[in-house]
């Protein structure tokens, strides 16, 4: 046996990882050199879906990360602590790390990668974004020769499942969320998913890889899907769009906003109207997809299962295998593989959300009388917001429902215009404001 | 400068490669260690889109592949010879190879990889399939822990462009081919593309990587798109399908064909009806996409530009970078990276096409009289072919047009049934027989 793995956690992903490592036939032959050496769990008595020798099971996770025999620590326990401390201790003991923990990496990537760099070990995290979809490694190894312009992802399966069902069934968010919870597609506490925090963790990680700098999570503008209603989905479809929760990291479009530093990044998560002919529009259900745009490659998209035991375990084990392969190649040298290690140490500067230039969709409830559309148009014009279309779309009780789509405009300008519109006597409310891709 | 590159060919892809290597800002910093050391061309006097020092240009390609200073030979000249001989000579002189040459690899991969293994050098070929789409490296490095069940690809941009236009415009193959030739989307001699040979080269390469054995190109069953007519595309759409030229490599479905060895592979290229909700159905124009199915990952798809100077050069340069990264890591050791080198030496056994189990679409022109559908049904039944639907779809002059979709059936049985049907007095002709995904 060549490489000894210490596994932290035997939940969904850990179980899937063991299943692959215990059933090697028909898979890459390098798996034969990987040994599950110790497995750390919370309780030794729990019924398990995989059978492991009892002598390798332990509740002493510290003993795993400090065990001199172990080469690679696989952290699939999730959560912030003790995952962070265990990873740091493992690194300090010269272990390579494979992790699926997007939350910990998005928050503590800074200290984890700095420690790894110092210790000369790898921290691989293919499973942290997009479940089984190979996207981290392609970003590091295949796409790095490009100048990346943008990454646009559907990276949260729960919200995509809810939005897809809202679209096909015409149902409301709250009802479909409740059903999704019953079916196991959403957690009992759905906040991390439906409020966009999980997607924010993931886009912070992707942006960091694609743009070669670290990202402070608090700089990621984040909005979930609670405000998306069946009415918006129906109007969007009529206008030729699907509504998706998009996680986006991109260089600003300097042409339309020359004052903005081209080195600044825009990183955000928000429900967005996606043209039906766009490759991301047809990504349905729990599937994830990540679209990368760069020069000279143009557009490439990675599509697949964004979660689940098997797919996520596929990503975890591929990372284990990649570390094993590099270690075999390196022999006794201690030079880290420059495309697999993380060497950047500066932080990306993030443009304030008010500077982001994009199109917007907004829905207004107004009194039903002449001149209202004119009033709206004037307010937008006052703040330099050009409109693509203004449609009185229907009625909501006594009120008229007006749907506006803007041209590419500065977000700050739109916000100012909307603030002015809210003061108009004829305007009852602005139930939704969504970005348009 | 760390690594010296000798470039064979300065056509579309070679030019794109030089453009990336000459404009490093904003790309992976490892590019700074790559030097374009010599460039081999056919004519020194030709006008070029990139400017290179005249002293590194040469028409003596042999001198490049034998130059002791050169670390990596990049073969982007295309064609079988002298590309094959130059690659073999470069390998014999200890050079690593990066190539975009699917035709040479599909035909001579055997001797090229055997030579490379012996010499201890890498032969990387990301650019050979799917242009800029990272698919070769993900197959080798990220998906190898899976048991691959199938690879299904739209891997030829020219035919996908033609079929997409036939679908959106309702035009006939010959007219759109002629237009595509004028626009530069199809070659003056379109055979390699429209008859499926280019796709056959690519699926042979993908199958070899995914299933870990070499593939004899003559074992790949290959059919192009010349027989696809506007009528078929229209009927397919009515039935809920788009017609795509699919390149497929898969393990046989043993459940429906127990006699067949599960170790056998089916490798083929043919126009196929793809359900409109399938991820491959919406891949339009010159785009390529490769769908990989395996256990435990499920389905993952890679989508992007399948050709073009920039995208293909992105793949070429990423291979150069990957070799440079591994060489830096390996130092003076001579152990090849086990996931990047090609070690399999056996040939995959390929199932005869008659044993392939799939659904079929067939269109018949028959005399317009009662009992014809019954006759067709009886012939199919005689050969154990179950039908999903039989529809008299319309008229073609005096003749009735009947469209049949079968259930999953053995190809050999369908062929026998069709041979019997051809003998029926009421049947004028069978203008199309297409697979159904």
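Yeah, the Cβs are placed from backbone N, Cα and C, and that goes for glycine too.
Here the structure is a predicted model, which means the values were calculated and not measured.
According to TrEMBL, the protein carries these features:
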type     : residues                                     : note
BINDING  : A:8, A:9, A:10, A:11, A:12, A:13, A:14, A:15 : NADP(+) binding site
BINDING  : A:102                                        : NADPH binding site
BINDING  : A:187                                        : L-homoserine binding site
ACT_SITE : A:202                                        : active site, proton donor
DOMAIN   : A:361-432                                    : domain 'ACT'
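Taking the features listed in TrEMBL, we show where each one sits on the structure.
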{"residue": "A:8", "record": "NADP(+) binding site", "contacts (Cβ under 8 Å, 6+ apart)": "A:14, A:40, A:61, A:64, A:65, A:73, A:74, A:75, A:76, A:77, A:83, A:86"}
{"residue": "A:9", "record": "NADP(+) binding site", "contacts (Cβ under 8 Å, 6+ apart)": "A:40, A:41, A:75, A:76, A:77, A:78"}
{"residue": "A:10", "record": "NADP(+) binding site", "contacts (Cβ under 8 Å, 6+ apart)": "A:18, A:39, A:41, A:48, A:50"}
{"residue": "A:11", "record": "NADP(+) binding site", "contacts (Cβ under 8 Å, 6+ apart)": "A:76, A:77, A:78"}
{"residue": "A:12", "record": "NADP(+) binding site", "contacts (Cβ under 8 Å, 6+ apart)": "A:308, A:309, A:312"}
{"residue": "A:13", "record": "NADP(+) binding site", "contacts (Cβ under 8 Å, 6+ apart)": "A:76, A:100, A:127, A:309, A:312, A:313, A:316"}
{"residue": "A:15", "record": "NADP(+) binding site", "contacts (Cβ under 8 Å, 6+ apart)": "A:48, A:49, A:50, A:309, A:313"}
{"residue": "A:102", "record": "NADPH binding site", "contacts (Cβ under 8 Å, 6+ apart)": "A:125, A:128, A:129, A:198, A:201, A:202, A:205"}
{"residue": "A:187", "record": "L-homoserine binding site", "contacts (Cβ under 8 Å, 6+ apart)": "A:158, A:181, A:193"}
With every protein chain in view, what's the tally of Cβ atoms within 10 Å of the Cβ of residue A:14 (NADP(+) binding site), excluding that atom itself?
27
Going by DSSP, how much of the domain 'ACT' (A:361-432) is helix, how much is strand and how much is coil, in residues?
23 helix, 32 strand, 17 coil
Check the domain 'ACT' (A:361-432) for me and report the mean pLDDT.
93
Taking the Cβ of residue A:202 (active site, proton donor) as the centre, how many other Cβ atoms fall within a 10 Å radius?
27
Environment of A:8, A:9, A:10, A:11, A:12, A:13, A:14, A:15, the listed NADP(+) site - residues of the same chain whose CB lies within 8 A of the CB centroid
A:7, A:16, A:17, A:76, A:77
Look up residue A:9 (NADP(+) binding site) in the DSSP assignment and reduce it to helix, strand or coil.
coil
